[in-house]
Amino acid sequence: MASYYEILDVPRSASADDIKKAYRRKALQWHPDKNPDNKEFAEKKFKEVAEAYEVLSDKHKREIYDRYGREGLTGTGTGPSRAEAGSGGPGFTFTFRSPEEVFREFFGSGDPFAELFDDLGPFSELQNRGSRHSGPFFTFSSSFPGHSDFSSSSFSFSPGAGAFRSVSTSTTFVQGRRITTRRIMENGQERVEVEEDGQLKSVTINGVPDDLALGLELSRREQQPSVTSRSGGTQVQQTPASCPLDSDLSEDEDLQLAMAYSLSEMEAAGKKPAGGREAQHRRQGRPKAQHQDPGLGGTQEGARGEATKRSPSPEEKASRCLIL
């Protein structure tokens with residue numbers, strides 16, 4: 001294990017303020033919620049940082065550490081006497097607190113990750129996007145040349161009576177692919193969702209892949225757009241598409257009425273519809289039959305005659321169809 005000064009990246013002559021600034025920077029850097037993809041290593045570093053700060057921030061403990069090292073505090077080696085170590089019974093050893101307790105004591109009830117924006121320069125305005133107990137955190141890495149890697153994380157803390165909830169979302173762009181990891185810690189349970197280019201790829205609960213949770217989440221996401229599509233499709237189907245068919249039917253009815261009218265006119269004039277051999281003879285003898293329409297009083301000649309200039313009426317067309 002490296003020395004406490006190396007862990008906090010400060011010289012041995014660092015002042016108390018230097019120790020505090022170093023702990024703030026390192027604790028936020030290695031907080032497990034900030035490193036969901038490298039949890040075990042982050043937890044180890046987070047614990048070392050808390051231990052180093054707990055010793056170097058205390059003047060008496062720092063003196064013991066400078067003289068005897070870490071063994072002088074744990075009692076595993078040649079260390080100070082009971083009087084030097086402070087009050088305690090025989091065999092006194094220093095007991096380190098949990099890193100989470102040190103973290104909460106240092107930052108209090110405020111937003112711990114908001115502290116980073118003091119040193120982010122032009123990005124400090126992004127702090128306003130978070131609420132009192134939440135705030136975004138951004139990190140940038142090399143993007144030159146041909147390699148694009150950007151990650152962002154947002155944290156939400158809900159401290160309460162023994163309850164702690166943390167939501168972390170990180171997005172990384174690597175070689176044109178977008179990898180998004182969402183990690184939720186609540187009531188001692190960890191849920192991690194991993195997306196690639198917007199497609200959910202995996203869901204793990206407490207480090208164990210959960211296919212059932214993955215299927216339920218995929219189904220929930222697919223239901224939302226399908227409901228919208230179905231509601232929109234109903235309106236499209238209401239567009240009337242039968243108008244051309246209705247128009248054709250109306251034209252057929254008009255033609256039938258015209259034909260019936262012509263037949264009645266011919267019967268009233270004492271003529272019979274052409275048919276049988278007489279009709280065949282007339283069709284073979286001349287291209288077009290000549291007939292007189294008593295209703296209109298006009299004549300029509302065949303192809304050899306001289307055609308009239310006016311256009312035939314619907315009744316005349318119907319009569320011509322019957323004759324032919």
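Placement of Cβ uses the backbone N, Cα and C atoms for every residue, glycine included.
Swiss-Prot annotations:
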type: COMPBIAS; residues: 224-241; note: compositional bias 'Polar residues'
type: COMPBIAS; residues: 280-289; note: compositional bias 'Basic residues'
type: COMPBIAS; residues: 303-324; note: compositional bias 'Basic and acidic residues'
type: DOMAIN; residues: 210-226; note: domain 'UIM 1'
type: DOMAIN; residues: 250-269; note: domain 'UIM 2'
type: LIPID; residues: C321; note: S-geranylgeranyl cysteine
type: MOD_RES; residues: A2; note: N-acetylalanine
type: MOD_RES; residues: S311; note: phosphoserine
type: MOD_RES; residues: C321; note: cysteine methyl ester
type: REGION; residues: 70-90; note: region 'Disordered'
type: REGION; residues: 218-324; note: region 'Disordered'
type: MOTIF; residues: 321-324; note: motif 'CAAX motif'
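Helix, strand and coil counts under DSSP for the domain 'UIM 1' (210-226) come to 16 helix, 0 strand, 1 coil. Long-range C-beta contacts of A2 (N-acetylalanine), restricted to its own chain and to partners at least six residues apart, with a cutoff below 8 Å, comprise E48.
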